[in-house]
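Reviewing the structure listed below.
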Amino acid sequence: MIERGKFRSLTLINWNGFFARTFDLDELVTTLSGGNGAGKSTTMAAFVTALIPDLTLLHFRNTTEAGATSGSRDKGLHGKLKAGVCYSVLDVINSRHQRVVVGVRLQQVAGRDRKVDIKPFAIQGLPTSVQPTAMLTETLNDRQARVLSLQELKEKLEEIEGVQFKQFNSITDYHSLMFDLGIVARRLRSASDRSKYYRLIEASLYGGISSAITRSLRDYLLPENSGVRKAFQDMEAALRENRMTLEAIRVTQSDRDLFKHLISEATNYVAADYMRHANERRIHLDKALEYRRELFTSRKQLVAEQYKHVEMARELGEQNGAEGDLEADYQAASDHLNLVQTALRQQEKIERYESDLDELQIRLEEQNEVVAEATEMQEENEARAEAAELEVDELKNQLADYQQALDVQQTRAIQYTQALQALQRAKELCHLPDLTPESADEWLETFQAKQQEATDKLLSLDQKMSVAQTAHSQFEQAYQLVTAINGPLARSDAWEVARELLRDGVNQRHLAEQVQPLRMRLNELEQRLREQQEAERLLAEFCKRYGKRVDIDDLEALHQELEARIASLSDSVSNAGEQRMSLRQELEQLQSRTQKLLQRAPVWLAAQSSLNQLSEQCGEEFESSQDVTEYLQQLLEREREAIVERDEVGARKRAIDEEIERLSQPGGAEDSRLNALAERFGGVLLSEIYDDVSLDDAPYFSALYGPSRNAIVVPDLSLIADQLEGLEDCPEDLYLIEGDPQSFDDSVFSVDELEKAVVVKIADRQWRYSRFPTLPLFGRAARENRIESLHAERETLSERFATLSFDVQKTQRLHQSFSRFIGSHVAVAFEPDPEAEIRKLNTRRGELERAISLHENDNQQSRVQFEQAKEGVAALNRILPRLNLLADETLADRVDEIQERLDEAQEAARFVQQHGNQLAKLEPVLSVLQSDPEQFEQLKEDYAYSQQVQRDARQQAFALAEVVQRRAHFGYSDSAEMLSGNSDLNEKLRHRLEQAETERSRTRDALRSHAAQLSQYGQVLASLKSSFDTKKELLTDLQKELQDIGVRADSGAEERARIRRDELHSQLSNNRSRRNQLEKALTLCEAEMDNLTRRLRKLERDYHEMREQVVTAKAGWCAVMRLVKDSGVERRLHRRELAYLSGDELRSMSDKALGALRPAVADNEHLRDVLRMSEDPKRPERKIQFFVAVYQHLRERIRQDIIRTDDPVEAIEQMEIELGRLTEELTSREQTLAISSRSVANIIRKTIQREQNRIRMLNQGLQSVSFGQVNSVRLNVNVLEAHATLLDVLSEQHEQHQDLFNSNRLTFSEALAKLYQRLNPQIDMGQRTPQTIGEELLDYRNYLEMEVEVNRGSDGWLRAESGALSTGEAIGTGMSILVMVVQSWEDESRRLRGKDISPCRLLFLDEAARLDARSIATLFELCDRLGMQLIIAAPENISPEKGTTYKLVRKVFQNTEHVHVVGLRGFAPQPPESLPEAADAS
């Protein structure tokens, strides 16, 4: 008996509380006992992790978290580990007594999400002496050890001979090894299998009836429906060949379409990119060469521009310097012109003011005389007015006094007093103290005489004063003229200086008359000097441009030489233009021809590609279109011959098929109707009786029975006589032989055996001679031999038919290809190669471009020389007329000499202009200056004194006259005399007063009118004096300003200054124009230099980038080319017609192909990954790898039994040809196939009955299991009602639904699903397809429903639900069911693993305290009976009597936490044996 494998131990390394702990596992039950937090769950978690290292499934939770949501739970593994490397290892001894160590390396991953890294591994061949802890750790000293990393563990184990260490990258590989070695009961192929296994472990660990396991008990307990699948296979056995043919057609169809699609799109995708890279490489090379040419050209241009810039900058500097001088000269000339104009305006003002002053002087002298006369007359009028006033006042006083005397008595006294006052006043004024009224007349006469004398003297002095005043005015005028001309001087020197000035004025006038001739001479010389300077400048510029110093004498010869050069260069330039035009025309013609060839090249390449394909297909070379048409006629003849031969082979093949079908009839009947007749007559076919005849005897018996070989042997002929009447459905000749089919022999005939023949005596008069057939068909052996030979011949004919069909279709396709070629390409296919002509044209174009470039350079040089020569001739044309000026070396000295003379003359002219009028005025009054009228002041004093004397005398005479007038007042007589005398006096006084008042009025009027006239004369005099003084001051200022201007203001000065200014302005304008041209040219040159510099930098950068790109791409391109050549796909990828497409068109073509390829390879992971990698534009070789991968993939998919080629492109053609043949074969055999639904229903019923019986057997093992109130456990398996109806219909009423099963559009599964829907219209099928539903209906497990029932107390049999059972009962019930599941898995998987392996059985149970002692004992019995291991976690109050118990106590020592473990053997049957105590170091 095969021993069951066992788990020996569990080892935990670096877990929380366990540094290096090995738990030896009992063969039955291992109990982990300890309080809360002792480490029981951690130990079982380590065991489960080593069994199922799937982080998506592992979830260690407490039982108190049952109601928590999954999102709030911690997976629980991270917290059970310590930092660093951790291990969980299982030590197993399998049924072969092999030691296997399996486990996982765990390590916490830093981060907030508390992840754990798991690596499974396995160790085989490890000696039993090596303990897991010693293997996984390294001892450092007595109290320290180090955990080895996985790499260190591998290196350590490699040192041990015979030990194999395996590390797994997938959990599937890990579980596959565990299944093969008998560690797990079931092969866990997928995540779904792992999930089932984990759910089983989880249900075992936490106890109870898991709803998930209860719902999926069918998946856990019922094996795969191999019986139904076998029935389905048997049911379709008759369809196999047809299915294979159909599958071949479908595969061929899909492969053909896939091949076409993949080949075309992959070729477009890769070839477009390949040719784009080839074009880009060629373009990049051309660009790199072009960049290099442009770089060298730009460098030359930059050097030329720099030289040009230096020359223009130098010339611009000279022009700027010259411009500064010209601007200064022009500004000076402009200022000089302004000064001349200002001086002329000043001179005009001076002349105008001088004339005005002369007029004013005359008017002033005249006005002075008028004012003097008016003043004298005014004084006289004033004297008369004053006398009149005095007389009127006196008369009024007298008359008032007289009137007063008349009015009062004191009048006389008043008059007398007044008389005395008048007398006293006269004494005072006349200085006559002895004056009396009587002597007043005498003194009056004396003083009147004195008054007359003073008046006469005053008049004399006035006359003298007038004469002196005139002489003094003339002297002062002459002195002022001398002072104005010469400046301040002594009055005594005025006459001498005036004489010198007059003599010098004559000389100055003579010099001033020479100004105009000198100026004209100077202008002429200055013009010649300027022309000389201009000629020297032009000569200097010419020499600078010419590059060497040229003598004046050589200028004419040089002029002739330059004219000759111009003529020659002109001819050269004109000839160069014609030559350039001819070259350009030829280049344009080449370009036009090239464009036409470029347009024709793709068409020609397509035609050549088609022609090459035709040549490859037929193996012929075609030189002309006539060869093509001749070969096409040969193809037609060959096609007709092949069709005839194919039809003959097809007819023979069909005959063989019919013969094989006839020979394959049951019992050897050649006619299928014989079997029905034999069954109807109750007989047996003769061929069936002799079915066991050997192959050697077959010819004899075949000849013996002859035509009656197909007879029916019946027990009694008389019984079937009636049945023969009306018999129609039978062969033409039906032989019936009477005899016992069980003991039939050949005694019915009289036979004589001859050499290879027999003579059968049928009757006395009828014999039959039959030779032994060459191919006997009597007996199964003979028929099988014949069928075998027929099959061999049929295979040969099939191959020949396929070959001929292929050849026919190939010929037809070749004919179609020739027809398409003739219709599309024959017109251009045999024309010359346009690409060769394009290459020749490109070579010629390059030569032309180089010739044009060289010609342009030469022409440019000639143009430059031509322009230089023209400029030189133009410069010489301006210089040659001035050669005499260039030779005149004394011109500048003569200009200086004339300039000095002109300066002197201009100075004289300015003197004459300034003082000419003054000298003219001085000349007639020169004699006045000889004597100085110094007595004029004394005369003025005498005149004033005489005026005062005359005024005093007049007052004295008036006073005396008043006394004389009042002399009567000194003696009055009586009042009568006084009244009469006063009356006369009053009248006289009144008359006199009237006369005096009239005189006074007249004198007043005269005084007023004369005063007004005098005032007017004074105002006119003041105005004239003011105007004279103002204009004299202005004239002085103007003369000073004119002197300050310092410019000679003659008549031609302004014209000369303007001409000079205009000349300088013209020169300055020309200079500025040249400077602007130079600045613009310099700016353009700098811009051109900047552009050239930027362009040069850009070209250098582009050239280096392009060169680097070319060099970089060269390596990649070499790799691509090497890969292309090594893979042999260059012919497919190098599509020359694509070279004429643009990069965008090729990229678009590649992108479109890529878009079509993505869905095409979506189902192929390898091609999808390679395609995704090929999308990297930086790795073009990956596209080649993708193309090679597509070719390799297609080669692998070529069915060699159908298509005999390795080339996918050829395979496409063969597929299309083979498709027709397979379709015909399918059509011919489709009618002979049939399907039986009754057999399928019977097999499903039998499978259901077998599984129900197996479940009943399992229930017998569960009937003795009891937990608490649960007395027994069982499983109920029932068939669903809807599915039972389906089985009944399939077996009994299938004829009613043949429309489904006979449909060519439905598979059997789909027909089954349609039938199920037809029978159960009330059931909602959801989104599932009929194929899916039909496949489910072929699985017998879907016909069954399964539930768990318990016999509990007085309730009897109940459905096992967690609500109806206690916790302990649920745990026990669940454990029982899980044991059944494990046992069922082992039975199911026994055929998959080795026969000598019995897998390990192990389950878990956490919180076993919920089970009573009886339940636990039952679990022990269950483990013992089933050979199962069980790990139980229980609190300290549970102490099983059997198995091994570990006491776990978690302790803290020096801030270090570890679990103290004590192991005990079971103590019920024997004294307890204590295991050595072990404490873990942490």
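Placed from the backbone N, Cα and C atoms, the Cβ positions cover glycine too.
Listed in Swiss-Prot for this protein:
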- Gly34, Gly35, Asn36, Gly37, Ala38, Gly39, Lys40, Ser41: ATP binding site (BINDING)
- 326-416: coiled coil (COILED)
- 509-603: coiled coil (COILED)
- 666-783: region 'Flexible hinge' (REGION)
- 780-805: coiled coil (COILED)
- 835-923: coiled coil (COILED)
- 979-1116: coiled coil (COILED)
- 1210-1265: coiled coil (COILED)
For the coiled coil (326-416), name the stretch out of 780-805, 835-923, 979-1116 with the most CB-CB pairs under 8 Å.
979-1116
As a test: from 780-805, 835-923, 979-1116, pick the stretch that has the greatest number of Cβ pairs under 8 Å with the coiled coil (509-603).
835-923
Once Gly34, Gly35, Asn36, Gly37, Ala38, Gly39, Lys40, Ser41 are set aside, which residues in the chain still have Cβ within 8 Å of the Cβ centroid of the ATP site?
Thr42, Ala1433, Leu1448, Arg1450
Within 10 Å of the Cβ of Asn36 (ATP binding site), how many other Cβ atoms are there?
7
Under DSSP, is Ser41 (ATP binding site) helix, strand or coil?
helix
Let's check the environment of Gly37 (ATP binding site): how many other CB atoms sit within 10 Å of its CB?
13
By the DSSP assignment reduced to helix, strand and coil, which category contains Gly34 (ATP binding site)?
strand
Counting across all protein chains shown, how many other Cβ atoms sit within 10 Å of the Cβ of Lys40 (ATP binding site)?
25
Taking the Cβ of Gly34 (ATP binding site) as the centre, count every other Cβ atom within 10 Å, in any protein chain shown.
22
Which of these binding-site residues has the least crowded Cβ, counting other Cβ atoms within 10 Å: Gly35, Gly39?
Gly35
Select the most exposed residue of Ala38, Ser41, where exposure means the fewest other Cβ atoms within 10 Å, treating these as the binding-site residues.
Ser41
Determine how many residues of the region 'Flexible hinge' (666-783) DSSP places in helix, in strand and in coil.
45 helix, 26 strand, 47 coil
